[in-house]
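Listed in TrEMBL:
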TRANSMEM  A:17-34  transmembrane segment
TRANSMEM  A:54-72  transmembrane segment
TRANSMEM  A:79-97  transmembrane segment
TRANSMEM  A:103-123  transmembrane segment
TRANSMEM  A:130-148  transmembrane segment
TRANSMEM  A:208-225  transmembrane segment
TRANSMEM  A:292-325  transmembrane segment
TRANSMEM  A:345-367  transmembrane segment
Amino acid sequence: MSGTLVEGSSAHRTYRIVTWALFVALAVLVPFWAVQTPSFSIGSSTFTFSLSNLSHGVSYMVAVLGLGLLIGYNGQISLGNSFFMGLGAYITASLVVDNEWPYLLTLLVVIPFTFLVGMLVGIPALRIRGLYLALVTLGLAAVFPALVRHDQVSERTGGANGKRISSDLDAPSWLPLESIAETLAKIPLVGEWAFGEGRLGGREEGAIWVYLLLAAIAGIAFWLTRNLIYSRPGRSIIAIRDNETGAAVSGVNLSVTKTLTFGMSAALGGVAGTMYAMAVQFVAPDVFGVNLAIFLVVGLVVGGVGTLSGAVVGGLVIVFVPLWASQVESVPGVPERFLRGPTGSFFLGVLLIVLTFVLPGGVVYGARRLRSRLVRVQPSRGTAVPDDVIDVQEAAAEGLLSRHDPSRVSGL
Amino acid sequence: MELFLARLFDGISSGATYAAIAVALVLIYKATTLINFAQGELAMLGTFVTYVIAVEQGLPVVVSLVLAMVATAVLAAVTERALIRPFDPSNHLPLVIITLGLFLLINALAGMIWGYDPRRFPGIFPADDLYTFGIARLRWYTVGTLVTVVVLLLLLSLLLRKTKIGLAFRAVSSNLESAGLVGVRAGPTLQFGWALAAAVGTLAGVLFVSDPVRQLDPNFAQRVLIFASAAAVLGGLDSLWGALAGGLALGLVESIVVGYVEWIPSQFGLATAVFVLIAVLIIRPEGLFGSKRVERV
Amino acid sequence: MSTSERSVVDGSRPPDGMPLLVLQDVYAAYGPVQVLHGISLEVAHGEVVVVLGANGAGKTTTIRSICGMVTARGSVKVAGEDVVGRRTADVARLGVAHVPQGRGTFADLSVDDNMRLGAYTRKDSGVAADIERWYEAFPVLGERRASAAGNLSGGEQQMLALGRALMSKPKLLLLDEPSLGLAPLVVQSLFERLGTIKAEGGTTMLIVEQNANLALAIADRAYVLEAGTIALSGTAAELQEDDAVRRAYLGY
């Protein structure tokens, strides 16, 4: 079964509105389900899906988004976003604990600060490109844990022990979370199965509130980034990725655009750090090291390099693959002490390599290819609507990880 | 003066091990203009294999080292064939991603097999001092490491200059297309480069943990990789002897900066390396001894 | 094509008189850009064949399709073996030496190493002697044997590239615009050298060239390529007399 929709027609508009409404509804309702900590079992292993893990994942979505802006859209291979995420997380932790700021207010410090530091890193990146930039930024990621352990700052950072944030985020009383939960539970057939009895304690309400806040921040971050990509500066950013010389010749100011992109990517990393502090309420030096830097790359590749929506999948993968890997109780033929080891990193590493081979466009392209079998969107003729432009760009992005580039011309 | 000598000896010994890993990076870079982010982890794996053969099987350390070098060379050759060769060498992103995947994979695998408790490594050099000047101890380890690395470089130079596979290797790194035109098969040649680099890396890892003040755990190579990269870039990424000079310079900078500048705590050695890396890439991207041809790609 | 056109009859030729190189209906493209639209040509043992054509006609692509340097469809046979889809190095091992456009020397390797690489596929012991012989013919190369090939002048590099190609004792020598970027006098001596190589016998050559005058002078036969198809073919003498060829490529 497959239908054809003409781009810009009312049917196409309805289709888009319905799919978006479904996505938003899912994003808003999922905490009421996840707060019950649903689980599923395979063999003797039980895999959980808890709301706190989900919130944790939402913070990584924004970090992957920032990385994707830099690698996927601007073509600068940087691995340092864990550094900026760490900065954001530590600034928030310190301001909330030591200065008793509310969480959200810390964004006013985190965003400008990480933006500026990102620009500072971006300036040498103008002269350092490709693999060297990857190397330098990986070094930056490796330095972060030592930085927060430094004696001079350990009073504020908590040094090697990390810093616990005890300030809880309580749901505001005007938000009728309880009655929403009750209503959901009353939905015939699926209500009780999906949402339990619909009774929420203070802790559950708080968890739902944190999730909704984070989802809102993430929503704003994605919306702003999308607008940026579709805008004129966004086209400059992409032009640099596709052909740096060509972009310069067409009047794109390379150094300004690249430095600003670096700053924006870093600011997204910083926001992700604040979100991490809100979700986990604990920051420690080794969380924001080389492994996280690479995890963010895994998230980017799994979701799809050169897509925005891929970051949603990527953020979840970074949390749930290690979580579920650690919940495996036994695998025939594998010694148990192996399963107690760093299975999460192991699987993420395998996933990274396997995906680069079998699905270089990531999950998002896989999903799009599936969808295109069901619904075919026909471009309206004549007008070049922005979506067309982006589709072409994304087709180019799909080639970012391709194994061979047949279009290299060297003399006829 | 004695303190200075002590710092000097420390710097030389760690610098020589950075140089050895840097040499492994240079071998891969020369052949493919690729930086293998998993190089340090391969060295870590080789070091653990040496440890297992020497301590658990009871073979002499040097014999274990040779066996481990052969084993990691084979592993690297298989890896190159299966994971690297299918990709277009001029497109860096997938190759960066593959080597990062290997980094995670090997690191986690070692953690799963051997755990994270630090282990005492049976050194390959006598543990005592060759000579002492007050608090400055010239250790067998320092001299042994330096001599080993110099001998290694001499052997590698001979291999590259005087043998047919060396000639093929240099051809591939100089001009991939022309290498094909004279009948040099790039695949096997690069595979040879990966195997050689892995063997060199294993040697370097063993040298590093042979220092009685160090211990072996799955994470030791992460830090070394950053130092080695900085050393390789400082020396000029395509120069073997440059890697030695870069490694020694970095080892000395680390031990002297951390030793003399009071407000810089010991963890900041790593930050020094990153700083050197950035500074070299900005001021003199071809490094101290690299050829101009090596651009910032 | 009759046997009388061949100036040298190679003794190693297969008894059935099969040509050394046969291209049949070859198509080639760079990504979406189709460059060759069904090319057919052949080169017999010992023959020197020239491919003429304007910029962008597909001359280089023709040569690259023989060496597996561009994805081609159709049939390319070297000594009866189909080489379409083979890797460049494996085609080279069949006895095909290719001097690419821009000469393709190993710029940061010494002149000696370049020459030695030319003999990479050889197993015999005469390599050193052959290198010396080439240095005798071109003393400049001998004098600078230890310096990096990239430091040589354009003409010296072309002689080095030619020497390197001949070091493999090729059955088939492919030359891609050997005169490109060289001073007229150097081009003159280059073609004299090619004439000598031809006269010494044995080496079959396919030369892609814009300098039609010199190329036709040493060639047995020639093809004219236009927009990815063969527009004209014949003996060198016939083409030199052809009005269209004279106007387009000979300039008189």
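Using the three backbone atoms N, Cα and C, a Cβ is placed for every residue, glycine included.
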Recorded stretch that, among A:17-34, A:54-72, A:345-367, has the most CB pairs under 8 Å to the transmembrane segment (A:208-225): A:54-72
The transmembrane segment (A:130-148) in contact with the transmembrane segment (A:345-367), cutoff 8 A, at least 3 CB pairs, sep 6+: no
Long-range neighbours of the transmembrane segment (A:292-325), counting only residues six or more past its ends (CB under 8 A): 47-49, 53-54, 56-65, 67-68, 71-73, 79-83, 85-86, 137-138, 141, 222, 225-226, 229, 343-349, 351-352, 355-356, 361-365, 393-394, 396-398, 400-401
Other parts of the chain folded back onto the transmembrane segment (A:54-72), taken as Cβ under 8 Å at six or more residues beyond its ends: 30-31, 34, 78, 81-82, 84-85, 207, 210-211, 214-215, 217-218, 221-222, 225, 228-229, 237, 241, 261-262, 264-269, 271-273, 275-276, 278-280, 295-297, 299-300, 303, 305-308, 310-312, 314-316, 318-320, 397, 400
Outside the transmembrane segment (A:79-97), six or more residues from its ends: residues with CB under 8 Å to it: 63, 66-67, 70, 103, 105-107, 109-110, 113-114, 117-118, 121, 134, 136-138, 140-141, 143-144, 148, 156-158, 163-167, 265-267, 269-274, 276-278, 283, 287-290, 292-297
